[in-house]
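Participant: One structure follows; several queries about it will come next.
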């Protein structure tokens, strides 16, 4: 059923269809499902905000963490905070009411910030892949990845993300309620007159999904070959090789985490786009959409767990300058120092 700025393609045996901007959507699923959704969003907020905020605070507090590589990682934390503050707070409120009580404006805000965070994350991972490729594979001789390159990389992620998220606000496609009708996303569902949804979805999938993923897979494919060759030839010291491998492993795990979170959503969205008019249940889009939102917590958790130097700095910040686990963290800085001088980034 299509109405002004909404579309409900779900299997609906009740025969009742009401605007998700005006009425609770309890005819789609049991009200308990909305309560569970609200609880899930509350969990993402109470975990996602402090973890990402601490990532920013600790990096700004400790000068040794302000390295070019960490600029991109900080960018991921900022993107996650945008998702938490601008998107999750909106969704928890709407799920408590069972419909998008905030109207079209709230839908645009939630859809914009959720999509913005995802796009910044994907393009940041593409920039990280390029950085790792340049540092480890050295396709450009005597090139040193410095602060200016990192700033350019961060600027690129925002430019590309805004190029994907702003058009639906100004008429090229639109944000509409999806799934259980209490969160919003790009309109993959309709060919609504005047919005050119088809051209936007094709543009989005090609320019803002296929291209960055191709960059990521190309760079890491070349990088894995280079790491094996360097290890076989012993071209660098064992300490440097170990440090570079640790950074590369961390970023690859971030990429895998992104794919696990966002690939189901992208696949379902593409299926809906190519099967417009088909009917499906309300959970078909809800589950992958809200699973994708968990990406706001996995990046900082991966960074904290796999980065000894950052973990040490965070512990000393939390314990007022002392590290009660000093024995476990000992030697982290010395392991990373040589790689920092070799690659012009601090891998940890």
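For all residues, glycine too, the Cβ spot is worked out from N, Cα and C.
Sharing the record's features from Swiss-Prot:
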COMPBIAS  332-348  compositional bias 'Low complexity'
DISULFID  107-184  disulfide bond
MOD_RES   293  N6-(retinylidene)lysine
TOPO_DOM  1-33  topological domain 'Extracellular'
TOPO_DOM  59-70  topological domain 'Cytoplasmic'
TOPO_DOM  94-107  topological domain 'Extracellular'
TOPO_DOM  131-149  topological domain 'Cytoplasmic'
TOPO_DOM  171-199  topological domain 'Extracellular'
TOPO_DOM  222-249  topological domain 'Cytoplasmic'
TOPO_DOM  272-283  topological domain 'Extracellular'
TOPO_DOM  306-348  topological domain 'Cytoplasmic'
TRANSMEM  34-58  transmembrane segment
TRANSMEM  71-93  transmembrane segment
TRANSMEM  108-130  transmembrane segment
TRANSMEM  150-170  transmembrane segment
TRANSMEM  200-221  transmembrane segment
TRANSMEM  250-271  transmembrane segment
TRANSMEM  284-305  transmembrane segment
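I'm curious about the neighbourhood of these features; can you describe it?
Facilitator: The Cβ of residue 184 (disulfide bond) has 33 other Cβ atoms within 10 Å, all protein chains considered. Under the three-state DSSP scheme, residue 184 (disulfide bond) falls in the strand class.
Cβ neighbours within 10 Å of residue 293 (N6-(retinylidene)lysine), excluding its own Cβ and spanning all shown chains: 24. According to DSSP, residue 293 (N6-(retinylidene)lysine) sits in a coil region rather than a helix or strand.
Across the range of the topological domain 'Extracellular' (94-107), the DSSP-based residue counts are 9 helix, 0 strand, 5 coil.
Mean pLDDT, taken over the topological domain 'Cytoplasmic' (131-149), works out to 81 on the 0 to 100 scale.
Same-chain residues lying 6+ beyond the ends of the topological domain 'Extracellular' (171-199) with a Cβ under 8 Å from its Cβ atoms: 2, 5-9, 20-21, 25, 28-29, 33-34, 37, 91, 94-95, 97-100, 107-108, 110-112, 114-115, 269-270, 272-273, 276, 282-287, 289-290.
Long-range contacts of the transmembrane segment (34-58) within the same chain: residues 26, 65, 73-74, 77-78, 80-81, 83-85, 88-89, 91-92, 95-96, 98, 180, 182, 286, 290, 293-294, 296-297, 300-301, 303-304, 310, 313-314, 317, each at least 6 residues beyond the stretch ends and with a Cβ under 8 Å from a Cβ of the stretch.
Tertiary proximity for the transmembrane segment (71-93) is limited to same-chain residues at least six positions away from its ends with a CB under 8 Å from its CB atoms, namely 37-38, 41-42, 44-45, 48-49, 52-53, 55-56, 59, 101-102, 106, 109-110, 112-114, 116-118, 120-121, 124, 127-128, 131, 147, 150-151, 153-154, 157, 161, 182-183, 254, 293, 295-297, 299-300, 303.
Using a Cβ-Cβ cut-off under 8 Å and counting only residues 6 or more beyond its ends in the same chain, the transmembrane segment (108-130) has close neighbours at 69, 72-73, 75-76, 78-80, 82-83, 85-87, 90-91, 94, 102, 153-154, 156-158, 160-162, 164-165, 168-169, 175-176, 183-186, 208-209, 212-213, 215-216, 219-220, 223, 251, 254-255, 258, 262, 292-293, 295-296, 299.
Only residues 6 or more beyond the boundaries of the transmembrane segment (150-170), in the same chain, are considered here, and those with a CB under 8 A from a CB of the stretch are 68-69, 71-72, 75, 79, 108, 111-112, 115-116, 119-120, 123-124, 127, 130-131, 186-187, 200, 204, 207-208, 212.
Listed by sequence, the residues of this chain that lie at least six past the ends of the transmembrane segment (200-221) yet keep a Cβ under 8 A from its Cβ atoms are 119, 122-123, 125-126, 129-130, 132-133, 160, 163-164, 167-168, 172-173, 186, 188, 248, 252, 255, 266, 269-270, 273.
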Participant: Which bits of the chain, at least 6 residues beyond where the topological domain 'Extracellular' (94-107) starts or stops, bring a Cβ under 8 A of a Cβ in it?
Facilitator: 5, 20-26, 31, 34-35, 37-38, 41, 175-177, 180-184
Participant: Around residue 107 (disulfide bond), how many other C-beta atoms are within 10 angstroms of its C-beta?
Facilitator: 27
Participant: Using DSSP, how many residues of the topological domain 'Cytoplasmic' (131-149) fall into helix, strand and coil, respectively?
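Facilitator: The composition, in the requested order, is 10 helix, 0 strand, 9 coil.
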Participant: Provide the three-state DSSP residue tally for the topological domain 'Cytoplasmic' (59-70): helix first, then strand, then coil.
Facilitator: 9 helix, 0 strand, 3 coil
